[in-house]
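Trainee: In case it's useful when we look at the structure, here is the feature table from Swiss-Prot:
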BINDING   GLU28, ASN284  substrate binding site
BINDING   GLY60, GLU89, GLN94, SER120, ILE143  S-adenosyl-L-methionine binding site
Amino acid sequence: MASCMRSLFSDQGRYVESFRRFLNNSTEHQCMQEFMDKKLPGIIARIGEAKAEIKILSVGGGAGEVDLQILSKVQAQYPGICINNEVVEPSAEQIVKYKELVAKTSNMENIKFSWHKETSSEYQKRMLEEEEEPPKWDFIHMIQMLYYVKDIPATLKFFHGLLAASAKILIILVSGTSGWEKLWKKYGSRLPRDDLCQYVTSSDLAQILDDLGIKYECYDLVSTMDITDCFIDGNENGDLLWDFLTETCNFSKTAPLDLKAEIMKDLQEPEFSVKKEGKVLFNNNLSFIVVEANV
C-alpha cells in the first residue's frame, strides 16, 4: 500500500492547488503582513542610502503577494527612487499570476520588474557561467523556498556574496517551534520523499549560518493553519490540506490506513495543534531570519 504513495511535487497542478488551500486556511500571509508592517521598515532603513536605484532580488517569488508588500515598504522608505525588482521563480503558472497582480496594482510606476523562470540553483549556475561578475543586490528575500534547495549552505553562501554594502537578506521559513518540525521528524521517513524537497526549519538554518560564520537575527511570529476539514471524511478541502501537510499526492486515498490514523491522532495533540471554538488549528509558526552583509 505504501508504494502507492507518491510525492505531491510529481503533480504540479495539485501542488499549486493544495498550496492555495493552505494559504486560504492559514494565517501565513497575515503573519507575514504583520512582520512587514512592524519590523521590515527598520530592517530596510539603510539599504537605499545615497543610491539612485535600489536593486531587489526575489528568490522564489511565487505569485507575488508578499513581494508587493515588501516593495510598498521600500517605496515608503525611499519615495521616488527607482526600484529594480528581479524575480527568480520556477513555476510558469506562478509567474503569470505575479504579472497579473502587478498589472492590477497601483503605484508601481517607479518599479521595473523582470522575471526569470528558473530555480535558485539554475540562477546561481547562470550567474557563475557568465563572464561578468554577478550583480550586487541591496535586498534579497527568500520566502518559504529553502525547502526546495539541494545544497542550502552553498546557496546561502552564494547569495550572501551578492549583497552590496548595507544590504540584507530576508529568509522566511517554518519555525523550529512549529508543528511542522515535529511532523517531519516523526513521519518523514514513512512519507514519499522527493529530491525536490527537504525538511528544514529555522533551527536547522541557524546552525548552518553559525557554521558559515554569517551574522543574522531571528524573529518568530505565531501563525496557525485551520485543519478542521482534515477530520471530515471525503472533504475536498481537507484532502488537499492533507496533501500539503504530508507532501503526498492524494494522501487520503493512497496512504496506509494505520499511517493516516496515527497522523490524524497526533495532529490533535497539543504539541501539534490547539483546539479553539470547535476548530483544530495546526501550529504554523514562522521564523523571519535577517542576514547582514559583511562589514
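Using N, Cα and C of the backbone, Cβ positions are placed for all residues, glycine too.
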Trainee: Which one, from the binding-site residues GLU28, GLU89, has the smallest tally of other C-beta atoms lying within 10 Å of its C-beta?
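Mentor: With the binding-site residues GLU28, GLU89, fewest surrounding Cβ atoms within 10 Å: GLU28.
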Trainee: The record lists GLY60, GLU89, GLN94, SER120, ILE143 as binding S-adenosyl-L-methionine. What's the largest Cα to Cα distance among them, in Å, rounded to a whole number?
Mentor: 15
Trainee: Give me the non-local Cβ neighbours of GLY60 (S-adenosyl-L-methionine binding site): same chain, 6+ apart in sequence, Cβ-Cβ under 8 Å, ordered along the sequence.
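Mentor: Spatial neighbours, sequence-distant, of GLY60 (S-adenosyl-L-methionine binding site): VAL88, GLU89, PRO90, SER120, MET142, ILE143, GLN144, MET145, TYR148.
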Trainee: Using Cβ-Cβ distances, find the residues under 8 Å from GLN94 (S-adenosyl-L-methionine binding site) that belong to the same chain and are at least 6 apart in sequence, listing them in sequence order.
Mentor: VAL16, GLY61, GLY62, ALA63
Trainee: Among all the protein chains here, how many other CB atoms are within 10 A of the CB of SER120 (S-adenosyl-L-methionine binding site)?
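Mentor: SER120 (S-adenosyl-L-methionine binding site) is surrounded by 21 other Cβ atoms within 10 Å.
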Trainee: Can you give me the residues near the recorded S-adenosyl-L-methionine site, meaning same chain, not GLY60, GLU89, GLN94, SER120, ILE143 themselves, Cβ no more than 8 Å from the center of the site's Cβ atoms?
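Mentor: Once GLY60, GLU89, GLN94, SER120, ILE143 are set aside, the remaining close residues are SER58, VAL59, GLY61, GLY62, VAL87, VAL88, PRO90, SER91, MET142, MET145.
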Trainee: Counting only residues 6+ apart in the same chain, whose Cβ is under 8 Å from the Cβ of ASN284 (substrate binding site)?
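Mentor: Set apart from ASN284 (substrate binding site) by at least 6 residues yet with Cβ under 8 Å, we have SER26, THR27, GLU28, CYS31, VAL174, SER178, GLY179, TRP180, SER223, THR224, MET225.
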Trainee: Specify the secondary structure state of ILE143 (S-adenosyl-L-methionine binding site) as given by DSSP, simplified to three classes.
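Mentor: The residue in question, ILE143 (S-adenosyl-L-methionine binding site), is strand (DSSP, three-state).
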